[in-house]
């Protein structure tokens, strides 16, 4: 009995540390509320259905000879009203809830705060994350830091296939697309270390494509970390260096870059833009044409 009790306790408490259900940011808390409300509303359908399934199975079983047999019964307005009205009300409520929360939690929507936001550019590589702090001219791989209660504005792109950026404890997932910029606004309300992941399959190293998001209490602690990164001997000031760190690699360790090439994020993004391909194609045509004329 004691063993069974321990197993049940372990089973029911197993989800308590799930980041989705253990929110530490305003956006994540709102999303948790949406999940909880939707779950409770679904129970208004699921519980009666399970109850009626068991009840009708017992009441109208073949061995129960005490029930009245009605072979010509085919209609009940009471049942029709119940089975249509209740689902319509619940679905309508959930539709309104989803619509309102979709606008309320729009990833591009700025978070209102008295504190100035921190800007972080995130680039999905194979299979690691590059983070650029444009206001501090530094970059990191697989680690970010920010003070609590200070909005974070992410610009996200990919230098490889489509990916997805997600810090479950803080809020929304957003896709990372090559040649595109997606935006995400988050904020941390508690001090802690949170796991960030890639939530979209991007190759055999995808499962190890994780990073650490650290929220600190004081802005001075964050600035000390910035100075630590600035003291690094490694610089990310050429595209050649970027090409080296872009080489596919699993289990890539945390790395700091004391300076970053100007406008690097846009240069990465524009590698995959239509305009870039058109310019490359036109340039190739000009080179071919020039070589052809020289041969003539």
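Placement of Cβ uses the backbone N, Cα and C atoms for every residue, glycine included.
The signal peptide annotation in Swiss-Prot covers 1-15.
Taken from Swiss-Prot, the feature topological domain 'Extracellular' covers 16-33 (among others), and the record attributes it to sequence analysis.
Marked as N-palmitoyl cysteine by Swiss-Prot on the basis of sequence analysis: 16.
Annotation comment: Swiss-Prot describes 16 as S-diacylglycerol cysteine, evidence class sequence analysis.
Annotation source Swiss-Prot lists transmembrane segment at 34-54 (among others), citing sequence analysis.
Annotated topological domain 'Cytoplasmic' per Swiss-Prot: 55-78, in sequence order. Within the chain, the topological domain 'Cytoplasmic' (55-78) has no long-range Cβ neighbours under 8 A that lie six or more residues past its boundaries.
Here Swiss-Prot flags 79-99 (among others) as transmembrane segment.
Among the features that Swiss-Prot reports, topological domain 'Extracellular' is placed at 100-296 (among others), with the record citing sequence analysis.
Secondary structure of the topological domain 'Cytoplasmic' (55-78) per DSSP (helix as H, G, I; strand as E, B; remaining residues coil): 7 helix, 0 strand, 17 coil.
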